[in-house]
Amino acid sequence: KMAAAAGAAAAAGLWSEVNRCGQNGDFARALKSVNKILQINKDDVTALQCKVVCLIQNGNFKEALGVINTHTKVLTSDVIAFEKAYCEYRLNRIESALKTIQSASQQTDKLKELYGQVLYRLERYDDCLAAYRDLIRNSQDEYEEERKTNLSAVVAAQSTWEKVVPEDLGLREATYELCYNSACALIGQGKLNEAMKKLQKAEELCRQSLSEDSDVTEEDIEAELAIIHGQMAYIMQLQGRSEDALQLYNQIIKLKPTDVGLLAVIANNIITINKDQNVFDSKKKVKLTNAEGVEHKLSKKQLQAIEFNKALLAMYTNQADQCRKLSASLQSQSPEHLLPVLIQAAQLCREKQHAKAVGLLQDFADQHPANAAEIKLTMAQLKIAQGSVTKACMILRSIEELQHKPGMVSALVTMYSHEEDIDSAIEVFTQAIQWYQQHQARTNNGCCVFQPKSPVHLSLIREAANFKLKHGRKKEAISDLEELWKQNPKDVHTLAQLISAYSLVDPEKAKVLSKHLPSSDTMSLKVDVDALENSHGATYVRKKAAKLTGDNQQKEQGQGEVKKKKKKKKGKLPKNYDPKVTPDPERWLPMRERSYYRGRKKGKKKDQVGKGTQGSTTTGSSELDASRTASSPPTSPRPGSGAAVSAASNVIPPRHQKPAGAPATKKKQQQKKKKGAKGGW
């Protein structure tokens, strides 16, 4: 009895210690006291509960879950359901946490709060929204603002990932968290300018809120603002301001935020800006996306986008095996997704295996008909790159849901025209026009009511007619033009085309139709011709006529306009022209055709330069002997000077005659050449 009393007294003292430590927040000391109590009574339910709480408060979630699973007989689901679910949630065992919450016999407010968090992590946003609405409706405590923040986060996620138009919750955006979530919802709707304003407001509120706390430093504020700045940079990137976005992204990375999810998203966005450039920087940034715990911080679509970019980066860095491995893994995770197979096809094309790439795309199109259209467009592009335009046309025409689209019709007609296959081009027009004819009827109370032809339908008919006229298919074009004129009899342009076409086929019919043309009076346009000619864009501007006065004005009125004769300009005479010398009558003939031409003089030095073998000369030795000349120069001329050139003949042809007093311009030119000559040896 005394031992039992001593044990009870010791336990009471330990419980007092546990209570005091719990109030002070010293859960490590409280845990020691709880362990001593369990040594006295190992199945004490309250002590076990306190131990689990102490472990949770210290962050030892795995150990706490181990205690719960070890003492399942004592710690039943009714007693410890919340703590067990919370440990599973913090250990990222989300499915297990959901089962634990749903198996609890009583749904407390704590379990409902945790249930909302679990549904958000599972991306079950509709159920999550309903759970938070129920909590806000049935709860009145100091955590109401946090619940509203979570509710706005759910709406933002729906807008971003499910493209659901968010409903107005009527939340007063008094905190920066609510402003931030509202901005995210606007980004999901594509309202980027409004979202940027919301983020700027969120930044301002965040600074005001944190600056009120004297213990918060500027670095702490910048760290808290990092997620807001990251979203701002994302908006800049979407707006095409890549340089500004990149600068802001790098500023955030320099702060070294502790949120691995934020770092992973920013690194991924930088990689998308770099694309196939700055690959070394991208390889460094991709390491941030592989940090531990990233998979628990981001949504499934975010993680999927990061994996796609890893595969593309591997392709750009010529890591073919890594690219194939990543894209195959992505395809196994999302068999119906287009990107994995497109990445594989792109890698095969880089390896010059175009046929294999087309086969891969064809297999995917056969297996997933819902996505066949986009795949076939890629196949057609590959065929065009190989020069197989006709095969590309066949692939495009196999896409039934796009055959009637104006863009597809235009592309096919252009390609067939390039291949000079006019019949196939006209067939494309015909099929598209027939499709609109078949689908212009609508059901009204069980009856088919035919509507007027749509603008797209009429536009196709007109383009077909123009195409046929351009390629000489007059008879085929006439039926299209008649159809157009029937739809709009007041269309003068169509009528003119129709008359033009009939004039080559049936002139009588053209005359009959020409009676429907409006008269010239009705066709006259009220145009100020003078203003048009004097306008800034006119290529010809009529000069204003000078004012006429007196007799000149009467003369003009009597005789009418008389064309002024242009004055003939006098031809310029040469500078050395001498009126006393009779010009050479043969001066307009080439020199060789003149009667006095005797051919070029032979035997001169200048005619012999460069002839014969290297080093040889045809000049006689007597000509080179300086002692035989009448007077030899004291020094040899400089290389490149004009002294070595033989003198010209004294006979001057009539065309080259100069007056007696004309200056010797040729000698001056030679002197200038001498001054500017350079030595070559």
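Backbone N, Cα and C define each Cβ position, glycine as well.
Here the coiled coil (94-149) returns a mean pLDDT of 89 for the predicted model. Here TrEMBL flags 94-149 as coiled coil.
Per TrEMBL, the feature compositional bias 'Basic residues' maps to 563-573 (among others).
The annotation compositional bias 'Basic residues' is assigned in TrEMBL to 665-681 (among others).
Taken from TrEMBL, the feature region 'Disordered' applies to 544-681.
Helix, strand and coil counts under DSSP for the repeat 'TPR' (226-259) come to 26 helix, 0 strand, 8 coil. Residues or ranges marked as repeat 'TPR' in TrEMBL: 226-259.
Within the chain carrying the repeat 'TPR' (226-259), a Cβ under 8 angstroms from the stretch's Cβ atoms is held by residues 176, 180, 183-184, 187, 192, 195-196, 199-200, 202-203, 206, 219, 265-267, 269-270, 272-273, 288, 297, all 6 or more beyond its ends.
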